[in-house]
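Student: Marked as active site, 4-aspartylphosphate intermediate by TrEMBL: 434. Feature annotation from TrEMBL assigns ATP binding site to 434, 435, 436, 532, 574, 598, 627, 709, 710, 711, 791, 797, 820, 821. As annotated by TrEMBL, Mg(2+) binding site applies to 434, 436, 817, 821. The compositional bias 'Acidic residues' annotation in TrEMBL covers 41-55. The domain 'P-type ATPase N-terminal' annotation in TrEMBL covers 80-132. For 192-324, the entry in TrEMBL reads domain 'P-type ATPase A'.
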């Protein structure tokens, strides 16, 4: 009876004090990066002491609120009724199903004004009174666009379905006492089931390189230490392997099959988004008092991670929609390019013009008869003013631009993930960049070691190695002369040697690095931070090598070849909130307990003993562009450690929201007091190739650059100077630690009076300014040439991007390389991701993926500029092509008593927008006004584009006037010159129209391309040949006569020669900027 009461207690759900955590569950609208990669203030420290026997009734008891609470207590071998309460483990990434496919696709298409307009025109042709010409001429273009879209969406969704099926049908072994032994694992009772059939409470056996199918607590591994490595790149984008730890009570059982006989249960908190946080307990019931062990994120394998080595057994706690992977999968909003919005706006103007023209023609006829039907018939006749081919041509153009970007040999590895945005690259006015891994290489190297009275630079590290060797006895100076001066010198050297030994030994122990032996015998270091790997590699270079590391032990090889062994008693990993990491070790030889800690100077300054050099030296290193870490040490008595251990265990088994805070308090009270300051390390993060020249080029192109980083002010300022983000002799104004509204107002007033300075601001001050003076702050800072924001969270980065977009209405580009940049990248008009050492998550979430920052110059200055100019020219020419034929129709109807009769019918209308003009017009996507080297040499050319003059109301009305003149000229002269039959006016005017369009394309081309020449010649040949096959429109005898030739030549000369003359005069009087460079 004594053991049943605690068991019953532990089965009661815990909900009290969990309001902060449950917000993750309910708030699914957050940006992906907001909680995926940044721990919350209430996140627990991922430290796990060894399990001890603690009575269950000492834990907080909480009562279920069954309507909201999703926490669970799951026993081993759970009843089926309990398992059915949780979501099925089904992966579903499909956007549609059989019922919703067509309605959703049609909605997405017809919410655009363009497509809705053509739908109404096409439907009108089924009304006999409104029917004009072939129905196919109105229905076919729209049907083609819709079929292509439906086909693409169906194919994409089919591929998603196939991927889902593959994931759902992957088979996994689950341990089951009632099953026969599996052929592959003799002696292990198991059965294979598809991933979709896995349920909460199942024990899953995983092998090397197998994907984790659901969120599960790690019970046991094939490694005797109870640890395993997982690859998390598909979850958080980080390429480093992560160490996971099995539940000690389960690891200690003799074999995997013995897990089935355990009388135990696991409590897991409600599912949340944060992958760095997990609150749970493992309860083992036996004859004695129940044993409770705390569970943290270190004990959990998240779904979609991959077991990197060995085998493992896990206990499923979350399935399907409740897994961290699914909860962090956000579907970013579809981005629409500014040029598409501008063209949509022009389409509305054209629609208004069409309606006004139709009403005008009916009004001039005195609104006779069925005038409202005539208005509709005119609307349909003029429908070519808004050509449906515009959407098709622009989309095809975007595909061409994307292909040109991806096949550019000078920017290899560039991937276009959003093919609808190439033109946006030509209109960027603000660039928001991450620092580490984006402007820098994320390749760390320890360059400096400072110990108060001693400092070693990169070129004096051999002295460190010599002193370390001396300390470990390989160069002991026995037999030196007995003169007093030499004795003092020797004593001084030995004092220096011991200090160097202390700091190097501390650096070799205080980390989370694991040496991994590869198949070829080489050893690589695995850690979640490149800083730590750089420091461990440095300790190896000076003589102290990390040879073995597991959960409980670290072995080092000393310079003299001996092995130093230490027991790892506690590990406190680095978090973005604590900004430090610590470790408690015991020397196996001496039995001495030591607490070692390293971290940022801002937090370590109050932990280490009072000194007069820490702040100054950290500032000096930061000004050199080095990342600083402060190293401290505290020797502990066994009694002091045991007191800490007991208090820490009590805090760690709490399961309310204050658990992390309680654990941090225990560490601060018992360990983080009066540490001995051993030294400061300065680690250099090398700059990316050609960063300086790229930033200078972008600045000359009129792009304002903001650097958003999580680094400290001094380091960020130094990087800003070394990368030439700050111009030579430019004043740098630093704003830090603002706490009052008055101080913030004073800083803003100063910035307003000095608009040519560079602002460097920390995250705290930035947040204060945004909270109190959001509009004023953005108004002032967006006018500055450069801004550096330090200590920024991922959410702040995204907020800044959104604010600049909404306030300035300008195009914002964000570039980054890490998972913490995903929110910013998705919030930008154009997101660029760099494939870097922090993984591929930023690259996968971005619209464009590059392999290094310097590629941005060609991506923007060349490809972006070309894409925008070409699309602007193509769009306006296609609108002109529709307008000119509508003007001819209007003139024709006006002369023939305002009758709504089509001038051109059937195949002529079909051919006009396709085979007769499409190829030459589309060839404009290959036009260039300058070559690539000139575009990069004169970035000022890019600055012109940001004003949007390539496609504006001015250029639109210029083309409107051209269309009005040419359409009227062709039609009026054709009517003046046509003979006795109406058939001749169609032949003369249509031939003149086709030749006029081919000449207009030639006039618009700046640099001829082979395809352009071929398209012009082939199109003209096709038109000439087709005349013979269209006798209902062309009288062959008349077409072959000299009268036809001179009349068409005269009409074409009148319609196009004035345009050539105007262009020639303009090129002499007001030449384009580009013409001066060629």
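Here the Cβ of each residue, glycine as well, is placed from N, Cα and C on the backbone.
Curation does not apply to TrEMBL; its annotations are automatic.
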Student: Compare all C-alpha positions of 434, 435, 436, 532, 574, 598, 627, 709, 710, 711, 791, 797, 820, 821, the record's ATP binders, and send over the largest distance in angstrom.
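Tutor: Taking every pair of listed residues, the largest Cα separation comes to 27 Å.
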Student: Ranking the recorded positions 434, 817, 821 by other Cβ atoms within 10 Å, which is at the bottom?
Tutor: 434
Student: Work out how many Å separate residue 791 (ATP binding site) and residue 821 (Mg(2+) binding site) at their Cα atoms, rounded off.
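Tutor: Cα to Cα, residue 791 (ATP binding site) and residue 821 (Mg(2+) binding site) are separated by 13 Å.
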Student: Give the mean pLDDT for the domain 'P-type ATPase A' (192-324) on the 0 to 100 scale.
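Tutor: Per the prediction, mean pLDDT sits at 87 for the domain 'P-type ATPase A' (192-324).
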Student: Within 10 Å of the Cβ of residue 820 (ATP binding site), how many other Cβ atoms are there?
Tutor: 27
Student: Take the domain 'P-type ATPase A' (192-324) and count its residues per DSSP category (helix H/G/I, strand E/B, coil), listing them in that order.
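Tutor: Computed counts for the domain 'P-type ATPase A' (192-324) are 24 helix, 51 strand, 58 coil.
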Student: Whole-number Å distance between the CA of residue 434 (active site, 4-aspartylphosphate intermediate) and the CA of residue 574 (ATP binding site)?
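Tutor: Each residue's Cα considered, residue 434 (active site, 4-aspartylphosphate intermediate) and residue 574 (ATP binding site) end up 21 Å apart.
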Student: Near residue 574 (ATP binding site), how many other Cβ atoms are within 10 Å of its Cβ?
Tutor: 20
Student: To the nearest Å, how far is the Cα of residue 817 (Mg(2+) binding site) from the Cα of residue 574 (ATP binding site)?
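Tutor: So the Cα of residue 574 (ATP binding site) lies 21 Å away from that of residue 817 (Mg(2+) binding site).
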Student: Quick one: Cα separation, residue 574 (ATP binding site) versus residue 821 (Mg(2+) binding site), in Å?
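Tutor: Their Cα atoms are separated by 19 Å.
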